[in-house]
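> One structure, as structure tokens, below. Some questions next.
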Amino acid sequence: MSPSSSEVDESKKWPPMWLSFLSLILAWGSTFNFGFTMLITNPAQEAFVKFVRASNEQNEGYGFGLAVDTQWFVILAILFIGHIIGSLLLPIIARHGRKNSFMFAVLMEVLALLATIASFWMVNHLLFTIARILLGMGTAMAMGLSGITVLESSPTYCRGVASMVNGIFLQFALVVGAVLAMPIVLGNDANLVYLFVFQLCCNLIVLCIVPFLHDSPQFLAHSKEGDHEKTERKVIASIMFYHGITEEQAEPLAKILMENKQGAKAGVFTVFNDPFNRRGVGLGVLTTWGMAMSGITVINAFTLEILMTMGLDQGTAAIANSGTCLFSLAGIITSTFIVDLWDRRSLLLRTFSALIVINIVIVILLSFAGYKGSFLFRKLKTVYSNFQNIFVSGLLIVAICLFNFVFSMGPGPLSMFIGGEIVTPDSRSAAAVYSNATMATSRFVTLLTYHSVAKWCSPAAYGIYFIPSMVITVYLLHKHLPESRGRNVADLKAEFEMEKLIE
């Protein structure tokens, strides 16, 4: 939705107060959950494995004949099976209103967390696994709805900054999770359950606040329920609330939305009937795939383990892991100040390219450190002193910090909303399905297979997994991604059709 000249001062780049509040609450109930759930299994992995072992001893047959470590890695990855299911359900759920659908998703997260807490009391890792799938479903739906709702509620001039709140909360969750899940805090046998009690309290607060917010103006305008005048009044009220403008300023914007009312929402298959949407969905999927296959999945899940195998003790490794997460937060805060000043396309290409270089450095450092028995430098390993190993480990920590900073400036937050900027409003739910499912599938496969592959050929596994995929992503984005900053869908579609005519 583009603001009129009377609506805003274009020099103003920060979202109005209630739009900022909307972004904050939705992010708290979606991306914060995702980041927290994903991160706490890293520093608290030893306590989780002990829980699985205790459950196997208490519940005969629940392990299905698998080794405890194997069971844990399956449980770790299965969160993203829930994400895939939740992503596929998103278009169905989203038809019932952005606000109502988001409340349903958060309620599913609450039920999943209650089941998780119960699984610790019962010492039942099978219930924990089922709850993890449900948590993945709720989080995937909440993340998709959060991104769509903020896009639909934002004026064009601050759309990027408003959408970045999701990314800020994701990175903030990584820091909070890294600290709370340290073994000396809550990441131990006695206190593990309180991580989920904390997460439950956060979701209950969100669930209490969301009912008092307006639904998005675009969804209300496209809704077929109620008479025209009543719907228009709701749209005007929503625009006034989120844009921070008067009724007189909101009326023409509401009229435009009502006049541009779309027909039926595009489905997960019919979205491909329109060449413009087909390109937008493809580029959204590509950006999400490049983000998920950048190395972030392994860094989030296994940084503590990698640092410990390189000679650091558990306490030092946990502190270092928390420190690397702070750079993620610094990166997203930096990005917030530049996202509506720099071109989206330029920011993505530069940060993806920088991550390729950093990943190459990480592979080299892992090789020199002899992580998991590197065959390249095995003979040299015997002559390394403790000082040299610590030095290489320190360089690796610096490289991971740089990775987190650059990732959080570009691919991390931009992948959450750029796909929604380059498709028509009626196709955003369908586009979110493919982007979220791609992210979840990529992370699931990585978590399920990386650890085994790393034992076989580390450190080459890191490079094999992530460097080629990022090179492909940069090439295709450079060739096809349009610039969407400060532009509405009508402008992008007109440009796309003109390019087709020229061809």
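Cβ atoms here come from the backbone N, Cα and C positions, even for glycine.
TrEMBL does not curate its annotations; it predicts them automatically.
Predicted, not measured: the structure shown is a model, and the values here were computed from it.
Taken from TrEMBL, the feature domain 'Major facilitator superfamily (MFS) profile' covers 23-487. Annotation source TrEMBL lists transmembrane segment at 21-40, 72-90, 102-123, 129-151, 163-186, 192-213, 281-304, 316-339, 351-370, 390-410, 459-477.
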> Average the pLDDT scores across the domain 'Major facilitator superfamily (MFS) profile' (23-487) and report the rounded value.
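Taking every residue of the domain 'Major facilitator superfamily (MFS) profile' (23-487) together, the mean pLDDT is 86.
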> Against the transmembrane segment (163-186), which of these stretches has the most C-beta pairs under 8 Å: 129-151, 281-304, 459-477?
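If we count Cβ pairs closer than 8 Å to the transmembrane segment (163-186), 129-151 scores highest.
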> Below 8 angstroms Cβ to Cβ, which residues of this chain, lying six or more residues outside the transmembrane segment (316-339), approach it?
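Beyond its ends, the transmembrane segment (316-339) has Cβ neighbours at 39, 42-43, 160-161, 164, 167-168, 170-172, 174-175, 177-179, 182-184, 187, 299, 303-304, 307-308, 347, 397, 400-402, 404-410, 412-414, 485.
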> Taking the transmembrane segment (192-213) as the first stretch and the transmembrane segment (390-410) as the second, find out whether 3 or more Cβ pairs fall under 8 Å, excluding pairs closer than 6 in sequence.
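These two stretches do not touch.
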> What stretch of 102-123, 129-151, 351-370, 390-410, 459-477 shows the most Cβ pairs under 8 Å to the transmembrane segment (21-40)?
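The stretch with the most contacts is 129-151.
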> Same chain only, please: residues at least 6 beyond the ends of the transmembrane segment (129-151) with a C-beta under 8 Å from a C-beta of the stretch. Say none if there are none.
19, 22-23, 26-27, 29-31, 33-34, 37, 75, 78-87, 89-90, 93-94, 98-99, 101-102, 104-109, 111-113, 115-116, 119, 159, 162-163, 165-166, 216, 219, 416-417, 420-421, 428-429, 432-433, 436, 440
